[in-house]
Amino acid sequence: MVRLEHEKGKTMSQRLFGTDGVRGLANEDITAELALNLGVAAARLVVEEKIMATGQMPIVKDLLKEQRESAMAESRTGIKRPRLIPEEPAKPRAIIGRDTRVSGQFLDHALAAGLSSAGMDVTRVGVIPTPGVAYLTESQDIELGVVISASHNPMQDNGIKFFARGGYKLPDEMEDRVQAMLGQNWERPLGSGVGDVVANGKAADDAYVNHLVDTVPVSLHGLKIVVDCANGAASEIGPRALREAGADVIVINASPDGRNINLNCGSTHPKQLQSMVVAAGADFGVAFDGDADRCLAVDGVGNLVDGDQIMGMLALDLHRSGMLTHDTLVLTVMSNLGLRLAMQQVGIKTPTTAVGDRYVLEEMRAHGYILGGEQSGHVINARYATTGDGILTALQIAATVATHQAPLTELVSPIQKLPQTLINVPGVDKTRVNDPRLAEDIAQSEARLGDTGRVLLRSSGTEPLVRVMVEAATQEQADAEAQTLANRVQELLAL
């Protein structure tokens with residue numbers, strides 16, 4: 001975690017943005033002052049340089065927009081959505097959404113102050129999933145989307161991330177430009193040059209839910225689904241979308257109080273969901289994280305179905321129907337080798353990116369691929385979304401089950417995962433993960449595993465730790481190799 005001290009007048013040499021925006025301890029790392037200054041900096045790029053407003057921001061051509069527009073033109077209802085903001089506004093516009101953390105409230109107001117003071121009109125939509133902001137930014141043709149969330153992190157953390165016009169997260173170089181703007185002198189707008197700030201949460205929720213339901217090609221009538229909302233941003237919208245699509249929904253962990261987000265629930269703690277699915281006799285269950293950009297599932301007998309299995313199932317379904325563009329599924333280095341082998345057997349290619357759904361999406365946009373994601377449950381279906389969307393993923397799982405009239409257990413059975421062990425090692429200097437001594441240990445481990453396993457060590461982009469991942473022919477071997485390497489990381493990189 002980067003300690004952010006620019007508001008105290010210190011020069012910040014470290015990069016402010018991580019793999020998913022700016023994140024840290026709320027009111028210590030992520031302060032109201034930082035939120036205000038980030039709002040000013042981002043707005044200045046829009047207002048003064050018109051970077052996001054003119055479409056210069058994307059670093060790759062969006063080859064997926066036409067496919068997305070075509071897919072939505074074939075949606076079930078085809079209803080034209082009302083606009084949240086006038087089509088010909090006097091000023092550039094920003095939209096702000098947040099998850100349910102108590103700290104999100106003061107950060108919301110601070111960001112709105114920064115954005116409006118720099119000349120942007122601001123619409124605050126309140127609690128809404130991260131992909132909801134991305135969707136609204138694209139569909140409403142808004143110059144800047146802002147999300148206040150720390151995703152799956154505990155409630156004491158929070159974060160800020162930006163979406164440019166078109167609904168895509170800012171690339172690294174644009175985030176660096178925002179950071180470079182912090183603390184600079186600037187000419188403040190006066191009088192009518194200052195932006196308006198309004199709230200319009202209900203209209204935003206309605207537009208997003210209607211979009212989600214439109215992506216489902218069949219009725220979900222007859223399906224019983226347990227939904228774990230993680231006491232987060234999906235607490236109202238997630239169950240509502242599934243019900244409006246026809247499903248019988250049982251809801252757990254949908255009573256957010258500002259402090260219970262992700263607390264022993266959601267995609268990072270699926271045991272309660274597993275028990276509930278079996279007890280309720282449900283067809284399957286889904287679990288979201290705090291901002292609902294990821295989704296994991298549980299089959300009807302209580303087995304966890306992770307992002308790799310979900311992506312594999314969806315890829316096979318699209319491949320059979322001839323809709324998987326370029327016969328390609330984009331993965332990250334964390335995806336299980338078993339998924340790659342299953343895809344290889346049917347002729348599906350699996351290019352690999354660094355960890356982070358933004359990097360998956362960059363690869364997809366560059367080549368026109370429509371499906372990709374992460375083992376953690378970030379699944380990007382580019383026919384309908386510009387980022388990972390947990391509720392959309394849940395609906396697509398349900399649609400696949402309904403279409404094939406087959407249990408989820410059967411649909412994911414072609415993806416036979418290799419045993420995998422992941423150990424998070426805290427209290428170490430993650431910047432030294434490429435230490436040559438560790439490289440020797442990794443090489444020795446890989447030699448012992450041979451062709452039936454692999455090793456990956458990486459520093460977390462959002463937390464102060466190093467992740468050790470090992471896949472092997474047996475769980476015992478994976479556990480042993482991972483623990484050996486984790487011990488070496490602790491020994492060599494201890495702070």
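Just so you know, the numbers here start at 1 and follow the chain as drawn.
Cβ coordinates are placed from backbone N, Cα and C, and glycine is handled just like the others.
Note that TrEMBL annotation is computational and uncurated.
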Check TrEMBL: it lists ASP289, ASP291, ASP293 as binding Mg(2+). Then name which of SER151, SER192, SER413 it lists for that same site.
SER151
If you count other C-beta atoms within 10 angstroms, which of the binding-site residues ASP289, ASP291 is the most crowded?
ASP291
Helix, strand and coil residue totals from DSSP for the domain 'Alpha-D-phosphohexomutase C-terminal' (422-486) stand at 32 helix, 19 strand, 14 coil
With an 8 Å cut-off on Cβ distance to the SER151, ASP289, ASP291, ASP293 Cβ center, who else from the chain surrounds the Mg(2+) site?
ASP99, PRO129, THR130, SER149, HIS152, GLY232, ALA233, PHE288, GLY290, ALA292, ARG294, GLY390
Write down the Cα-Cα distance for SER151 (active site, phosphoserine intermediate) and ASP291 (Mg(2+) binding site), rounded and given in Å.
5
In chain order, residues whose C-beta lies under 8 angstroms from the C-beta of SER151 (active site, phosphoserine intermediate), counting only those at least six residues away in the same chain, are ASP20, THR130, GLY159, ASP289, GLY290, ASP291, ASP293, ARG294, THR462
Number of other Cβ atoms within 10 Å of the Cβ of ASP293 (Mg(2+) binding site) across all protein chains
33
Model confidence over the domain 'Alpha-D-phosphohexomutase alpha/beta/alpha' (206-302), averaged pLDDT:
98
